[in-house]
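K.L.:
Found this in Swiss-Prot, in case it helps:
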- GLU210: active site (ACT_SITE)
- CYS244: active site (ACT_SITE)
- GLY188, SER189, THR190, ALA191, VAL192, GLY193: NAD(+) binding site (BINDING)
- SER2: N-acetylserine (MOD_RES)
- LYS178: N6-acetyllysine (MOD_RES)
- LYS194: N6-acetyllysine (MOD_RES)
Amino acid sequence: MSSISDTVKRAREAFNSGKTRSLQFRIQQLEALQRMINENLKSISGALASDLGKNEWTSYYEEVAHVLEELDTTIKELPDWAEDEPVAKTRQTQQDDLYIHSEPLGVVLVIGAWNYPFNLTIQPMVGAVAAGNAVILKPSEVSGHMADLLATLIPQYMDQNLYLVVKGGVPETTELLKERFDHIMYTGSTAVGKIVMAAAAKHLTPVTLELGGKSPCYVDKDCDLDVACRRIAWGKFMNSGQTCVAPDYILCDPSIQNQIVEKLKKSLKDFYGEDAKQSRDYGRIINDRHFQRVKGLIDNQKVAHGGTWDQSSRYIAPTILVDVDPQSPVMQEEIFGPVMPIVCVRSLEEAIQFINQREKPLALYVFSNNEKVIKKMIAETSSGGVTANDVIVHITVPTLPFGGVGNSGMGAYHGKKSFETFSHRRSCLVKSLLNEEAHKARYPPSPAKMPRH
């Protein structure tokens, strides 16, 4: 694994050359990344089709479009973000210059995820490059076709010493984590997030951890159930449920459970036809291990829709479970698959209590026509982010930082927040060497008596 040490050393030496300090250089590299994407859309969608069964349109909409938007925003706004930020002066510093200067951290490690292997690897990179860092990318080996593609394309378009790709599995990642970085960005499971954080602690390296959890979705009786169920079905079953901010389960009053089931079924038919297996818009589970895990969560449950599978193609039908026991296995772990449990609660207060008795999720969703219900849900729970009357879309807005809290992660990125995450905000005070008389009082010897105010 000596090559990994050599790779990190190469990135460090390139960073130390100082070339990334130039704003013009950073923008040139971001524009090169833009070209890389636009000139290789077919290859990107092909890799996503091989890894996750996505079609060309889905690949672009779910993965590529948000990265291109992030690049557009960053290239346009970077000169303003990088400006020194003046701060308020005290009585003693009226003649001084006080400001915060954003400087690059150094060498950043980005460990990508397999479920959105393009977006969740490249989007963090945008912020790291914008902030002036060298970047080492570690794509997930689980989505191997995308890992191969990124390793091929990035050196063709970007500086070959500053922006490097390391392929491989657990051994390579383990060796990478022994190296000293200036920031580590990891997207994935909470269990591995703890390993990353422990490794980073040995070097006092700061981390951004975008993890997961069971993101709840509360459906109030006072809402348009047709619209609510259509939006929930879209967010839950896109990418075959393999989305870190997908609604994991529904909380609702028992009186509307059957209506929700029927309206979800209608939406699924509208989206994927009578047989989702034949739909070009419905994905597949990433590998056999995850297929067996998700399939096992359906066992001994009351299936209201779906529940079928085909192991040969790693297909699991869109599945709805009703009257789910909160203690059952499907409610003990993040599902990360096309299985939607419905848990009945008899009030908003009971729903809030249910959510607060569990780990803080990455996202929380609430559907209601009543603004007081929405405000109460937000005020009395905690999650990485919230969307009311829709799902997932809060993470697509560049001006809203995306990140977790507690077990669902720490730190955030997207838009300006990415630039800030990968920058050191350096406090600066510049004083004149003149007017020394005004500073006499601070020097020894001190007076025998305290001055009166």
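The backbone N, Cα and C atoms fix where each Cβ goes, glycine too.
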K.L.:
Using C-alpha positions only, work out which of the recorded positions THR190, ALA191, VAL192, LYS194 is nearest to CYS244 (active site).
P.N.:
THR190
K.L.:
C-alpha of VAL192 (NAD(+) binding site) to C-alpha of GLU210 (active site): distance in Å?
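P.N.:
Checking the Cα atoms of VAL192 (NAD(+) binding site) and GLU210 (active site) gives a distance of 11 Å.
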K.L.:
Fill in the CA-CA distance, GLU210 (active site) to GLY188 (NAD(+) binding site), as an integer in Å.
P.N.:
7
K.L.:
What Cα-Cα separation, expressed in whole Å, is found between LYS194 (N6-acetyllysine) and GLY188 (NAD(+) binding site)?
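P.N.:
Cα-Cα distance, LYS194 (N6-acetyllysine) to GLY188 (NAD(+) binding site): 11 Å.
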K.L.:
Could you check which of the binding-site residues (GLY188, SER189, THR190, ALA191, GLY193) sits closest to LYS178 (N6-acetyllysine), going Cα to Cα?
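P.N.:
Considering only the listed binding-site residues, the nearest one is GLY193.
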K.L.:
Compute the mean position of the Cβ atoms of GLY188, SER189, THR190, ALA191, VAL192, GLY193, which form the recorded NAD(+) site, and then list in sequence order the other residues of that chain whose Cβ is within 8 Å of it.
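P.N.:
Once GLY188, SER189, THR190, ALA191, VAL192, GLY193 are set aside, the remaining close residues are TYR186, LYS194, ILE195, VAL196, LEU211, GLY212.
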K.L.:
Using DSSP reduced to three states, classify SER189 (NAD(+) binding site) as helix, strand or coil.
P.N.:
coil
K.L.:
Looking only at ALA191, VAL192, CYS244, the recorded positions on record, which one has the least crowded Cβ, with the fewest other Cβ atoms within 10 Å?
P.N.:
ALA191
K.L.:
Which state, by DSSP, holds LYS178 (N6-acetyllysine): helix, strand or coil?
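P.N.:
LYS178 (N6-acetyllysine) sits in a helix per DSSP.
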K.L.:
Report the same-chain neighbours of SER189 (NAD(+) binding site): residues 6+ apart in sequence with Cβ closer than 8 Å to its Cβ, ordered by sequence.
P.N.:
LEU211, GLY212
